[in-house]
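If you check TrEMBL, you get these features:
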- B:1-15: compositional bias 'Polar residues' (COMPBIAS)
- B:1-28: region 'Disordered' (REGION)
- B:37-61: transmembrane segment (TRANSMEM)
- B:115-140: transmembrane segment (TRANSMEM)
- B:119-321: domain 'ABC transmembrane type-1' (DOMAIN)
- B:152-168: transmembrane segment (TRANSMEM)
- B:205-226: transmembrane segment (TRANSMEM)
- B:246-266: transmembrane segment (TRANSMEM)
- B:305-326: transmembrane segment (TRANSMEM)
Amino acid sequence: MTTTATRIGAGARSDAEQRVDVNRAAASRRRWASARTWVQAAIIVIWCLLPFYWMVVTSFRDVGYTFDTAFWPTHVTLDNYVTALSTHWGNHLGRALLNSLIIGVSVTVVSLVIGVFASYALARVEFRFKGIVLGVIMGASMFPGVALLTPLFQLFTNIGWMGTYQALIIPEISFALPLTVYTLTSFLREMPWDLEEAARIDGCTSAQAFRKVILPLAAPAVFTTAILAFIASWNEFLISSQLSSDATQPVTVAIASFTGSLPHQVPYTAIMAAGTIVTVPLVVLVLILQRRIVAGLTAGGVKG
Amino acid sequence: MSATVSGATRGSSASPRGPRQERGGLQRAQRVRSRNALLLILPTLVLLAVVIGYPIVSAIITSFQKDAGLDPATGFFVQGGFAGFSNFTHWLLQRCPTGDGGTTACPSGNLGAQFWSATFTTFFFTVTTVVLETVIGFWMAIIMNRAFAGRSLVRTAILVPWAIPTAVTAKLWYFIFSVAGIVNAIFATKILWTSDDWPSRIAIIIIDVWKTTPFMALLILAGLQLIPGEIYEAARVDGASTWKTFWTVTLPLVRPALLVAVLFRILDALRMYDLPAIFGGGNATATWSVLVVEQMRQGPNAASALSTIVFVFIFVIAFVFVRFLGANVVQTTQAQQKGELK
C-alpha cells in the first residue's frame, strides 16, 4: 500500500517544479520497494504452490521411484492413475467421485433454494429481530460439526439411515445453508435495487420484480455462492467418514482410507494420483473464478 | 406462459396497490413487508432448527443418561435412566462407573483418562496455528495490498491450498513428511514425522498453517482495503517510519477485520478433526473432536457429554470475543463486502 500511496502522492506533486528532486529520490525508493515486494510475492507463490506441485509430479512418477527427489518430473507414467481408479484393491474412487457429486449437488441445491428467500429478505427488508436472525445464522455456520455427530449417529442407526445419501446430505446442510445465506445476503445487498423499484412502478408485483429483474441480475452472485457451498460439501470429511458406507462414501473418505496392493506398503504414488484427480477440478474452478471466490469468501467469512 | 401469468397477476395486484392506497397505508405496508420477510426467512430457520437444533437438544438430553446395558444385580437388559452429571465427570474428573453404580478413577487406557491430554492438544494447536496464521496472514495481506504486476497471480496461488480438500492435504503432507520423504531428504534426517509425539504435532501445525493462512490473509486483506490511502500519505508527511505507521495506523484501523478473522480461526481450530485423524500421530495429536468420534461407538452418552462440553466451550469463546473484544461479526463482514466489490 505504501507504493500506491507514494505513486498517487508523487503524481499530484509533479506539477510543482521545486519538488523534482524529492520525486527523483522517491522514484529510486519506489524501485527498491517494488523489488522487495516482488521477492516477497514470489516466496508466497512458491510456498503455496510447491506442495501441490509435488503431488502432481509424484502422481506421474513410476512407483519404483516414489521417493525420487528430483524437482522436475522423472520416470513419467500414467500407471498411478490407472491404479487410483482401479477397483482391484478395494478402492472405489470412481464411485466416490460420483457420490461426492451427488451429495455436493443435493446439498448446494437445497441450501440455495431455501436460502435465497432468506437472503433476499435479509438484504432488502428492514424488520425487527433482523440482527438476531443474522447472528443465529452466523453462529450456525461456526457450529462444531462434532457436536451434531453423536446424536445423528444414534438417530440414523435407529431409523436405518446409516450409509444412505440422505444421512450425509442432511448434516451437511447444517453448514452449507448458513454459508449460503450469509454469502448471498452480502452479495444481494450490493445489487442495483433501483431496477426493482422501476419494475414495481411499471406494474410488477414484488414476486414478479424478484423473478424477472432481480434473479437474472443476481445470477452471478448465486452462482458464486453455489460454488462455495459445493466446495464446502466436497471437502467435508468428519461427518461423511462416520455416517457413510462403502457404497456412498465421498472422495475425502475414499482417499483417507486408500489401500494399495501390498498390506504394509503405503501406495503413495497412487494416492497422489487420486489426490490430483480430486483436486484439479477444484483448482481449475478457483483459477477461473478467482475474483468472485475471494469476494464470496470475505463476504461470508466462512472457511470451506 | 409467463406472459399470461404475469398479465393475470398484474391485473389482480393493481387495485390494492394503487397510489392512493399506498400513501394512506404506509405503516400497514411496512407491517406487511415485515411479515413477508419473516415468511421468507422461516424455511431457513426451520431447516436449521431440524439439522442443528434437534441434534443439540438431543445431545444434551442423552448426556444426562446412563448407557443402556445389563443390570449387574438382576442380569436383565435395562434402559439407561437418569445419570446426573456422571457422563461429565467421566471427562472432567476421569471418573468411570463401577458395576455397583458408584464411580472410580478411570484406568489409564480409558478414553476418559485422555480428556486433559486432548484438551492440551486442542489448545496447543489452536494457539500456535492461530498465532502463526495471523502473523503470516498479515504479512501476505500487506504484500497483496500493494500494487504490482502479478498481484492477481499471488491472489490465485493463495487460493490453491484453500481449495484442496483437507483429506487430500493430509495425505499429500503425509507423503512429504514420510520417513523417506522429501522433508527428511532435504534436511538429511530420519524423523518419524507421522508417528512420534512432537514431530507429528509440529507437522500438523505446519500443514494447518499452509492450508489456512490464505483464508486469514484474504480476510485481513479485505480489512486493509478499507483503509483510505490518504491516511498513509498523512503519516508519511508527518515523518512516521514504516514500523510506526504499521503500529499506529494499520493495526488500529484493521482491528475489526482482524478480530473477526481471528475469531473464525479460533472456532475453526477448536473443532479440528481431519488433519489429526488422517495424518496420524495417535494420542499425541488427538483433539477433542477425535476423542468424541472414538467414544461415539463405545458409549454414545459419554460422547454426547463430551461434545456438549466442546460446544459450551466454543460458545463461551465466541461470546467473549463478541462481548468484550467487540468483534462485530455482522457489521465488519458487511463493511468488508462493500470494500471488496468496489
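Keep in mind that glycine also has a Cβ here, set from the backbone N, Cα and C atoms.
What TrEMBL says about a protein is an automatic prediction, not a curated fact.
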Under an 8 Å Cβ to Cβ limit, what residues of the same chain, 6 or more beyond the ends of the transmembrane segment (B:205-226), are close to it?
125, 128-129, 132-134, 136-138, 140-142, 144-145, 158-159, 161-162, 164, 166, 169-170, 173, 250, 253-254, 256-258, 260-261, 264-265, 268-269, 272, 275, 279, 332, 335-336, 339-340
Can you say which of B:115-140, B:152-168, B:246-266, B:305-326 has the most Cβ pairs under 8 Å with the transmembrane segment (B:37-61)?
B:305-326
Which residues, given as numbers and ranges, are at least 6 beyond the ends of the transmembrane segment (B:305-326) yet have a Cβ under 8 Å from it?
56, 59-60, 63, 87-88, 90-92, 115, 256, 259, 262-263, 266-267, 270-271, 288-289, 291-292, 295
